[in-house]
Amino acid sequence: MSALANHAFAKMNGIGNEIVVVDLRDSRAAVTPEDARAVASPAGVPYDQLMVLQPARLQGTEAFIHIYNSDGSEAGACGNGMRCVVRRLFEKTGQTAVTFETRAGLLNCWQGPAPDLYTVDMGAPKFGWQDIPLAEEFRDTRYIELQVGPIDAPLLHSPSVVSMGNPHAIFWVDDVNAYDIERFGPLLENHPIFPERANITLAHIVDRDHITIRTWERGAGLTRACGSAACATAVAAARLKRANRTVEIALPGGKLSIEWRERDDHVLMTGTADFEYEGRFDPALFASVA
Ligand SMILES: N[C@@H](CCC[C@H](N)C(=O)O)C(=O)O
């Protein structure tokens with residue numbers, strides 16, 4: 001029987017990024033990719049990311065968080081999901097700061113700078129081709145040689161690539177809505193240059209303090225917001241000296257403030273998180289899952 005059968009969940013969203021939060025800290029049972037896919041099925045609780053809290057493995061951390069995409073794959077980081085987890089936890093416990101462990105490392109999170117805002121320290125970006133990872137050596141990842149040329153749309157080329165705990169490619173464009181992202185997103189996500197696939201973002205630099213993005217997410221498709229893509233875009237734009245180290249990123253679902261902190265290279269992401277409803281998973285969902 002799945003660890004999720006009959007288990008409580010909270011449906012939330014981080015500026016439109018659909019998130020389901022499950023607290024399995026009192027259980028040793030693991031969630032499988034099949035479980036994650038069953039939850040994402042139309043009869044389940046459709047989501048972009050499923051955040052599963054498991055018992056902490058390190059002293060000083062609240063939990064280990066497994067992050068599943070709706071296709072059942074596991075991600076290293078999910079900025080919007082982290083804010084949802086944090087809001088849920090803080091509302092129940094009165095805490096205002098916490099450290100979680102994820103596959104991407106330790107993430108410090110806190111409430112603020114206003115009561116309805118949550119900040120996640122997403123750690124330091126990585127720019128090395130092996131860290132992102134890319135399938136072949138690129139000495140300079142500020143731009144890499146890669147292009148996709150839909151016949152009926154402007155050419156997309158020379159993305160910046162960066163790891164924010166997960167792989168990101170950012171294509172700089174004049175208009176993020178001028179491209180059929182649902183058509184070329186899957187092609188680029190699965191391009192052989194990205195051995196672990198990649199999140200694909202279209203970014204328009206409005207001015208040094210403002211950037212607009214749309215993201216096709218690895219394992220989840222087109223979403224209304226991707227927090228780590230916002231971080232990756234902010235860092236890539238600053239690295240190209242086309243934006244300041246603190247910027248506002250506009251996504252289809254809302255806005256995020258991103259600061260690439262000088263003193264330790266860490267990226268801080270600030271935004272809201274919204275609770276929608278809670279419930280229990282119908283065991284029938286997992287009937288066909290071994
Ligand atoms: N929506 C997320 C990113 C989730 C992970 C991503 N799809 C991946 O597999 O890399 C965010 O808010 O960061």
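Using N, Cα and C of the backbone, Cβ positions are placed for all residues, glycine too.
Where the annotation comes from TrEMBL, it is an automatic prediction and has not been curated.
Long-range Cβ neighbours of N17 (substrate binding site) (same chain, at least 6 residues apart, Cβ-Cβ under 8 Å): D48, Q49, C78, N80, G81, T223, R224, A225, C226, G227, G253. The substrate binding site annotation in TrEMBL covers N17, Q49, N69, G79, N80, N166, N199, E217, R218, G227, S228.
Summarising the annotation, TrEMBL assigns active site, proton donor to C78. C78 (active site, proton donor) falls within neither a helix nor a strand when secondary structure is assigned with DSSP, and so counts as coil.
A 10 Å cutoff on Cβ-Cβ distances gives C78 (active site, proton donor) a total of 33 other Cβ atoms nearby, all chains included. The active site annotation in TrEMBL covers C78.
Residues or ranges marked as active site, proton acceptor by TrEMBL: C226. Cβ neighbour count for C226 (active site, proton acceptor) (all protein chains, 10 Å cutoff from its Cβ): 36.
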Intrachain C-beta neighbours of S228 (substrate binding site), sequence separation six or more, cut-off 8 angstroms: A77, C78, G79, M122, M164, G165, N166, H168, N199
Close in space, distant in sequence - R218 (substrate binding site), Cβ under 8 Å, 6 or more apart: N69, S73, A75, N166, P167, E189, R197, A198, N199
For substrate: widest Cα to Cα gap among N17, Q49, N69, G79, N80, N166, N199, E217, R218, G227, S228 in Å: 16
N17 (substrate binding site) - helix vs strand vs coil (DSSP): strand
